[in-house]
Structure formats: C-alpha cells, structure tokens
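> Take this structure first; my questions come after.
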Amino acid sequence: LCCGINPESLPLQCVLTGNWTNDLGSTMEIKAVNEEGSFNGTYNTSVSATSNKIVLSPLQGYQNCKKESSQPTFGFTVNWNFSDSITVFTGQCFVDKKGKEVLKTMWLLRSHVDNITDDWKATSVGTNIFTR
Ligand code: BTN
C-alpha cells in the first residue's frame with residue numbers, strides 16, 4: 001500500500017501511480033509507491049535543450065507519507081539517458097473541483113557545462129502540470 005494508505009477507502013485520494021501527460025506533451029509512468037513512499041518509473045520528454053535523439057529515461061522519487069494526506073507532496077529526479085543533464089521535479093498531487101487528479105510541479109533542469117565560469121547559466125527552472 002502506498003504510504004500505508006488504501007486509496008479505495010478514500011474517494012478523493014490523489015494517487016501518483018499510473019500514466020501522466022504534462023502541458024508540453026511529455027509522458028511519464030509512475031510505478032507502485034511503496035510503504036516508505038519511494039517510487040520509480042520512466043519519463044518520455046517531448047522536448048529537449050539538446051539536439052540529441054530523445055529516449056525513455058528513468059525517474060526515482062518519494063511521496064511524503066508523514067501525514068496520511070489525500071493530496072500528498074512528492075519529488076522525483078529524472079536521469080536523462082540521452083544527455084548529461086538531470087532534472088528534479090517537486091510538487092503536489094491534487095484532486096480538482098471536478099474530482100480529476102492533477103500534479104502541480106516545479107522543476108530545475110541542470111545542464112552540463114565544461115567550465116565553472118559557465119555555472120551561472122547551467123540551471124533552468126519551470127513549471128509543469130500533469131493530468132492522466
Ligand atoms: C535535456 O534536455 O538535457 C533533457 C530533457 C529535459 C526536458 C525538460 S525537463 C523539464 C521540462 N519538462 C518536460 O517534460 N521536459 C522539459
């Protein structure tokens with residue numbers, strides 16, 4: 001059970017497990033969330049800061065289980081298989097007024113630079129909204 005919570009017993013529970021699409025058209029699959037809140041999955045980005053051929057990349061994260069929240073916070077890292085970058089996402093799983101689950105996230109994309117003098121331009125920030 002995800003964080004020890006049975007979603008069947010809570011009708012307005014936001015569940016991370018499953019397939020999601022964001023506002024850029026990127027898709028991800030989050031596999032089972034275990035008792036400790038830890039999960040993994042795969043990410044297929046629709047865009048890239050590089051010109052490399054995009055391939056499926058692994059993600060690993062945590063849902064916070066401390067409160068048995070029906071709208072939990074979470075974070076995950078995507079380790080891009082086709083570039084030397086890393087993205088971290090953090091967000092919250094909400095149930096909207098129509099009863100639809102939505103992930104409101106912010107991300108930091110760290111690009112690789114060859115020299116410390118280029119560090120200032122190596123991190124970009126943004127938001128993504130995921131729905132099922
Ligand atoms: C790279 O360009 O080096 C890796 C791909 C980065 C894709 C970014 S991560 C944040 C934003 N949200 C997405 O779904 N894709 C882009």
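For all residues, glycine too, the Cβ spot is worked out from N, Cα and C.
The annotation disulfide bond is assigned in TrEMBL to C14-C93.
Show me how these features fit into the shown structure, please.
All protein chains included, C93 (disulfide bond) registers 21 other Cβ atoms within 10 Å of its own Cβ. Reduced to three states, the DSSP call for C93 (disulfide bond) is strand.
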> With DSSP assignments reduced to helix, strand and coil, which class does C14 (disulfide bond) get?
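The residue in question, C14 (disulfide bond), is coil (DSSP, three-state).
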